[in-house]
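Participant: For reference, the structure I am asking about is given below.
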Amino acid sequence: MFGLVKGLGITLKNMTKPKVTYSYPDEPLEMPDRFRGIQHFDPEKCIVCNQCARICPTDCITLTGKKHPDPEKKGKVIDTYDINFEICILCDLCTEVCPTEAIVMTNNYELAVYSRDELFKDLEWLHNNNTNIRVENNSAKPKAPGGKSS
Amino acid sequence: MNLMMVVGPVLLLFIVLGFVTYAILFERKVIGWIQNRIGPNRVGPWGLLQTVADVFKLLIKEDIIPAKADESLFRLAPVIAFVPAFAVLAVIPFTEKIQFADFAVGLLYYMAISSITIIGILVGGWASNNKYALLGGMRSAAQMISYEIPLVMSVVGIIMSVGSLNLHEIVEAQQKVWFIFPQFVGFAVFLIASISELNRTPFDLPEAESELVAGYHVEYTGFRFAFFMLAEYVYVFAMASLTTVLYLGGWNAPFGLTFIPPIVWFILKFSLIVFFLFWVRATMPRIRVDQLMQFAWKVLLPLALANIFITAVFKEIPVIGKFY
């Protein structure tokens with residue numbers, strides 16, 4: 001019998017506790033660092049080594065390179081770079097394997113679109129996806145002070 | 001016949017509809033808060049138009065009557081369920097002046113009329129020609145009839161103290177002491193039985209979402225379904241009013257705080273009961289079906305009878321007798 005009253009007391013107290021819900025579509029969710037979001041691509045850094053396309057478990061990356069415009073220099077520069085987000089599983093392997101960190105993860109995750117075609121992201125789109133770039137495992141980004149020393 | 005005879009009930013109907021609209025929102029808000037959520041907040045500021053949107057959705061839905069259903073009974077059932085819910089409000093004295101019908105057997109009228117709703121539910125379950133609806137209707141009828149007995153028995157104590165079935169006189173008798181104090185056992189039995197009468201958690205077995213298909217209203221959609229729901233919430237209004245009148249002193253102000261108008265006191269006490277119903281709903285798990293009937297007949301009824309007996313005895317004891 002007393003348990004019923006006790007239960008009522010608990011629920012009454014619960015009413016004043018802070019809410020645990022997020023107002024998600026109104027306010028974007030802060031993702032933790034190390035979150036595997038949509039990739040950011042920097043064509044300046046890319047050396048067209050093709051490692052990302054080869055390691056990709058779903059073969060969602062297609063890239064083409066062209067000869068360096070400066071004939072003095074060796075190697076290639078990137079021409080097209082596309083990720084098909086219909087099949088990309090955001091596994092982070094492409095960014096792990098990239099020797100120059102030309103492709104890195106961001107904390108962005110909103111991929112809902114009205115057409116499948118829109119999920120085919122090209123070089124320009126990936127380059128412009130430059131917000132919330134992941135700091136962790138990214139030497140180009142300064143670590144936050146007070147973080148774990150590596 | 002003066003104008004108030006026509007305008008009054010219409011006004012009451014709109015007040016009740018407004019109450020139902022915001023009681024549903026408030027119920028969802030309270031349950032949300034208790035579960036550390038915000039509750040509905042998308043439609044209108046603070047979710048104020050949520051119920052309006054829900055009801056609008058129900059009203060524009062296709063009106064489906066199953067092919068094998070008994071059509072005339074199927075149409076009639078929501079009406080039978082709703083009309084008594086509104087009719088019982090006639091005897092509730094909201095304040096000394098705001099009361100539609102002040103007759104000698106007001107309490108009996110309430111109890112008698114409110115049981116007609118059971119017929120509406122049973123007819124709805126029968127006319128649907130659906131085994132789930134029929135079983136739900138049967139369960140509902142069994143539960144509501146069983147719990148009506150302790151409900152009526154628990155108020156006999158009050159009737160004995162006041163010596164009248166007139167709700168106005170019952171409130172008048174509570175000017176010094178509310179009946180919740182001398183009749184506490186009766187109040188507890190009444191409250192439990194009334195929650196069961198309202199088919200609300202923890203006694204919502206007739207329409208237990210997580211166990212049954214839906215209960216007696218499986219086949220109902222659109223505005224007929226809305227009518228069943230409306231009847232249910234109008235009963236919340238009626239039952240909260242009746243509890244206020246019987247046990248919380250109606251419009252009487254406690255501690256001599258008479259500068260606050262009586263209608264405000266009534267609304268405050270009434271809101272407290274309504275909040276309590278929502279609070280219980282968010283707290284209690286559903287009672288088991290095999291314990292449901294035993295609880296009514298073996299616990300509540302003996303308690304209510306004991307309450308009558310105690311009241312009768314205490315009435316004869318010199319000092320305590322004046323409270324009874």
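Each Cβ is built from the backbone N, Cα and C atoms, and glycine gets one as well.
A TrEMBL annotation is a machine prediction, not a hand-curated record.
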Participant: Just to be sure I read the record right: A:C88, A:C91, A:C94 are listed as binding [4Fe-4S] cluster 2 in TrEMBL. Which of A:C49, A:C56 is listed for the same site?
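Facilitator: The candidate from A:C49, A:C56 that TrEMBL ties to [4Fe-4S] cluster 2 along with A:C88, A:C91, A:C94 is A:C56.
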Participant: Could you count the residues of the domain '4Fe-4S ferredoxin-type' (A:37-66) that DSSP puts in helix, in strand and in coil?
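Facilitator: The composition, in the requested order, is 5 helix, 9 strand, 16 coil.
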Participant: What counts of helix, strand and coil residues does DSSP assign across the domain '4Fe-4S ferredoxin-type' (A:79-108)?
Facilitator: 5 helix, 10 strand, 15 coil
Participant: May I ask for the residues of the chain that lie six or more residues beyond the domain '4Fe-4S ferredoxin-type' (A:79-108) and have a Cβ under 8 Å from a Cβ within it?
Facilitator: 30-31, 33, 35-47, 49, 51-52, 55-66, 116, 119-123, 126, 129-134, 137-140
Participant: Minimum Cβ neighbour count within 10 Å among the binding-site residues A:C49, A:C52, A:C56, A:C88: which residue?
Facilitator: A:C49
Participant: Please identify, from the binding-site residues A:C46, A:C91, A:C94, A:C98, the residue with the sparsest Cβ neighbourhood, meaning fewest other Cβ atoms within 10 angstroms.
Facilitator: A:C91
Participant: Please give me the binding-site residues out of A:C88, A:C91, A:C94 that lie within 10 Å of A:C52 ([4Fe-4S] cluster 1 binding site), comparing Cα atoms only.
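Facilitator: Of everything listed, what lies within 10 Å of A:C52 ([4Fe-4S] cluster 1 binding site) (Cα to Cα) is A:C94.
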